[in-house]
Amino acid sequence: MFTTIRYLRCLPSSNLRCHFSSLKKIWGRRKIDNGKFSIVEPGNISDPQPVPDYIAKPSYHLTGEPIERIEIPEVKNSVQIVKMRESCKLAANVLREVENYIKVGITTDDVDEFVHNLIIRQNAYPSPLNYKLFPKSVCTSVNNVACHGIPDDRMLEDGDIINVDITVYYKGYHGDCSKTFLIGNVDDLGKELVAATEICLNDAISICKPGRKFNAIGDAISQKAKSLGFTVVPAFIGHGIGHYFHGPPDIFHIPNDCPGEMKAGMTFTIEPVLSCGGKEIVVLEDGWTAITLDSARTAQFEHTVLITNAGVEVLTESQK
């Protein structure tokens, strides 16, 4: 959740926060075949869901600013790993429930309320809520929204694809995962994009092990995405996670020369965003919603992984 944005060359050099109306003028001058879908416009945002007093809360729940300062990738001990397994299992279970709930006609605000209540009932806190002042309990990114979509009153339509990004804070630790869902009758290109993104994530996970360089993940994802005919959006990266929501290492999904290697006991997310079109994104004036500059659809999948002595364990694998 909350894929860290790195302002790389993929981003426009100026006016990163744009009015949606100005982008519509750009799209009107372009002829791009990105398949059959509705371009998403920002809707009306309701008030945040309440959190009961008895729920344990992260450091940022009042101010929006986390107090944890993690300088190097953390190698967790056995006690911490047990807590990570618990929080990640909960996040995965919530995401599985979303799959059974989500459908044409509900709003992304409905998804937010559903997720929020599920998490609270498990005596956990929805990690996105008020993190860096994010106003909701989950991110819902539909069609051309690449990441950090704010739930609002837009109804899901037949043919939409939507990424739902779940993070929970449970017993002092965060668990983070996401999935892109098909809503109703999605066209072939949309289906292919979603399938390709999950393949890229799984390929990246499969190479993880002690001694592997972090930057090998970017090579694996970019090569697979290219072979499948899609573009990696480089602005979004994975991150270390634990009692902190975000920390080192930074996990880039494109070729890079960032230093560092995996060690047993490390936990981090891998969360590639793939596009049917170009790699450029722009952040809207709300400071969160990241959309594709060419209005192309994107998909994203995410897991939290643990590096083990034997290789890798996917902590957010859904248990059916």
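Please read every residue number as a count from 1 along the shown chain.
Using the three backbone atoms N, Cα and C, a Cβ is placed for every residue, glycine included.
These come from TrEMBL:
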DOMAIN    83-309  domain 'Peptidase M24'
BINDING   His148, His246  substrate binding site
BINDING   Asp165, Asp176, Glu302  divalent metal cation 1 binding site
BINDING   Asp176, His239, Glu271, Glu302  divalent metal cation 2 binding site
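Using a 10 Å Cα-Cα cut-off around His239 (divalent metal cation 2 binding site), the binding-site residues His148, Asp165, Glu302 reduce to an empty set. His148 (substrate binding site) is 14 Å away from Asp176 (divalent metal cation 1 binding site) when you measure Cα to Cα. Put simply, of the binding-site residues His148, Asp165, His246, the one whose Cα is nearest the Cα of Glu271 (divalent metal cation 2 binding site) is Asp165. Taking CA atoms as the reference points, Asp165 (divalent metal cation 1 binding site) and His246 (substrate binding site) are 15 Å apart.
Straight-line distance linking the Cα atoms of His148 (substrate binding site) and Glu302 (divalent metal cation 1 binding site), rounded to a whole number, equals 13 Å. Taking the Cα atom of each, His246 (substrate binding site) and Glu302 (divalent metal cation 1 binding site) are about 14 angstrom apart. Over the domain 'Peptidase M24' (83-309), the average per-residue pLDDT in this prediction is 98.
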